[in-house]
Amino acid sequence: MEHGRGTVLVRYGEIGTKSSKVRIDMERLLRDNLESMLASRGVDATVDHEWSRLLVRTDSPDKTDAACDAACDTFGVVSASPARSVAPTAETIYDALRDAAADHPDGATFAVRAKRAGTEDEHPFTSRDLEREGGSVVEAETGAGVDLDDPDRTYYVECRAEEAFVFTEKRSGPGGLPLGTQGTAVVLLSGGLDSPVAAWEMMKRGCSIIPVYVDLGEYGGVDHQARALSTVGELARYAPERDLSLRIAPAGDIVETLMSEVGATRMLSLRRVMLRIGEAVAREVGAHSVVTGESLGQKSSQTGGNLAATDVAVDLPVHRPLLTRDKTDIVDQAREIGTFDDSTITVGCEQVAPSHPETNATPEEVAAAEPADLLARADAVGRTVEVVAPDR
Ligand code: ATP
Ligand code: MG
């Protein structure tokens, strides 16, 4: 027999350290975002805010799993636990423990950890009582051994004045801050592997994103564009009800010019063009920055010196969330968040790269080798983007 309704306990972290006004706004947004996430996944549930955490109530216990997954994909959530919610009496708590022990893994040691809020007047038992008695209940049910120091499974009991929770799992969420608390950033999205991870990292810290793909004409390709659009679709899963339409900027003519008129610093000029396009879009949509998936030294255009030479082309800050990350680590994360794609395509700009690229150009050298109207052309391209909605 199943004891209790389906509930998911949702914990958040950094929000709790904010001043009360900021915290209240962030908590409200986290709750709204979680509700949207649940709705987008067809999980019928309500979200309450109690005791510095959120409680998701599902209409049936078998929906707690899906509700917990939704919570663990919501930015700002540190961890979540599918729980049994029961009346706060010793007997109902032990019944719930017995239920929870039904799927105890064979041979696994265990511990019961209980937290009882309130006073002895409210509850005629202490946390220690719950742990001791609860331990006997689980032991009788499973025959498993107790290990208080390093248990294979922990049975958690949280007993409040009106309600008690029993759970065995704490699943990790992304952490960070609720989406929508940190304004909007433009993300240069290439169809490659790094830039969607960079976008996700910004979203994790609360930033809404506007993705921009720069169409390199002959040097890009429909497959890159299609890949960029499909990664936007993956990112959109983390941002239900938000517009993540891809902006496609037609830069084929500019690339032609670079190919015929610029040599060793061509790639850096292309970077500058991309940043300027991003900046033009940012101005249009009111974004505060431009984000790239660049990582220090990953490519010749990403040496410290070259990043400096490209940044001076724009006034807005350029954020690079992956600056210090190793490729293997970025690949692992792409798999984890669902933006990884097995198919290998040559990134368009590799075909633009000169055979002997400049690795340490000064901004002056790059600018001097560039056609005088290059960046103005980039601005114009940034104002004529095509907007394409992703499949959700
Ligand atoms: P990615 O970095 O997305 O995996 P990549 O590593 O193959 O692709 P890089 O040459 O490292 O591509 O590009 C560096 C960054 O420049 C990308 O992370 C992305 O932010 C931006 N970028 C590159 N090409 C494009 C493009 N065609 N459209 C928009 N942004 C681009
Ligand atoms: Mg890269």
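Every residue, even glycine, has its Cβ placed from backbone N, Cα and C.
Copied over from TrEMBL:
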type	residues	note
BINDING	LEU188, LEU189, ARG271, GLY293, GLN302	ATP binding site
COMPBIAS	117-134	compositional bias 'Basic and acidic residues'
DOMAIN	65-170	domain 'THUMP'
REGION	116-144	region 'Disordered'
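Locations of recorded TrEMBL features on the structure.
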residue : record           : contacts (Cβ under 8 Å, 6+ apart)
LEU188  : ATP binding site : SER195, VAL212, VAL214, MET274, LEU275, GLY278, VAL290, VAL291, THR292, GLY293
LEU189  : ATP binding site : SER195, PRO196, ALA199, PRO211, VAL212, TYR213, ALA228, THR231, VAL232, LEU246
ARG271  : ATP binding site : SER301, ASN306, THR310
GLN302  : ATP binding site : GLU294, SER295, LEU296
For GLN302 (ATP binding site), which of the three DSSP-derived states applies: helix, strand, or coil? helix
So what pLDDT does the domain 'THUMP' (65-170) average out to? 95
When DSSP is mapped onto helix/strand/coil, what comes out for ARG271 (ATP binding site)? helix
Residue counts (helix, strand, coil, in that order) that DSSP gives for the region 'Disordered' (116-144): 16 helix, 1 strand, 12 coil
